[in-house]
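Q: Residues annotated as domain 'PDZ' in TrEMBL: 48-129, 153-233, 261-344.
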Amino acid sequence: AAMKQTKGLEGDKMSIIKFEFNPKVGIDNPALTLTEDTDGEGVGEPRFYLLTKDDRETFGFCLHEELGCHGHVIRQIELGGVAQRRGLQDGDRLLQVNGHFVDHMDHVRVVQKIKASGNQVLLAVLDGDSYEAAKSLGRDLSQMLPDDIRPRLCHVTRDKSGFGFSVSCPEGTKGTFQLSVLQDGPADRAGVPPGSWLLELNGDSVKSYSHTQLTKKLKQSGNKVTLLVASSAVEEFYRLRGLRVTAALADTSWLPFKVRELHLVKGPAGYGFLLKEDDCSSGGVGQFLWDVDVGLPAEQAGMKEGDRVLAVNGESIEGLDHEQTVRRIRAREDQVTLLVIDPAGDEFYHSVGFGGMVLL
């Protein structure tokens, strides 16, 4: 959890996220780095690490925001922990989380992005000296990183011509499928890059599929299919580093299912909705919006019956019970901002392995 902590006599503050580690559990993928050759200005190259844990582990480092020190600082790397085994260094500055540039972001938001990653997170970092040197030279740190290292999650709806893509596979192999995409066809409109590589079908890895098995799975999908795909450049980025790409790392901007941010200002009759706790399609319980009154602030903001609340005033409610969520909503007397998703979107994201935190 993010915390505020006082240090020293001057009352300097730093916010920390700490991931504790059980050294008896699990081994990750190999360390994943780029060569740190420095140029004449003493600025090294960003390094990439894929940290993977299981439910009993955590990532084994603290993320600090420190007075007098720029950036999001990697600190307190635990001996034998996931972060240390992969090669993270004390003082590294975090530049990217799952392909998202974060150096300019609010510290708490960066913490949320790491927590939202679940059991796997892809980090790009720069060593502290190089980071300070780049800052002093006025460099745009985002330009030091690849343009796009994220695969895409695409939802394709069949039309009379089919899904709009064909699949090729080297003879006698399994799990290696390249897609030819029909221009202006359903797959093209859904964002599938021409010549991309298929990684998952409807939330399941295709690594063990033969061409015949894949064809059968596609036929069983009916009129809609969800593909995790990577362009040739993205596929090469991960392959050269021995990384397995998952949906948690994906660009979801092409999907038709979106989370919505609702900003409500309380009127004389209140907000005009009822919050109920109920079972989620993904298991567990959630907080749902019902009895949306016509003409009142909730409806005017775009609230729909059955929407599930993901966050209140920018903070996730995952793990909170009904009363705790109500207190969050009432924390500001006359207004509240809710992040919500409709039932169809909620069910879809669960089917491809996305939890509520990932949607944030």
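Glycine residues also receive a Cβ, built from the backbone N, Cα and C atoms like all the rest.
The structure displayed is predicted, hence computed values, not measured ones.
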Q: Go ahead and report the DSSP secondary structure tallies for the domain 'PDZ' (153-233): helix first, then strand, then coil.
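A: Each residue of the domain 'PDZ' (153-233) counted once, the result is 16 helix, 30 strand, 35 coil.
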Q: Where does the mean pLDDT land for the domain 'PDZ' (261-344)?
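A: The answer is 92, the mean pLDDT of the model over that range.
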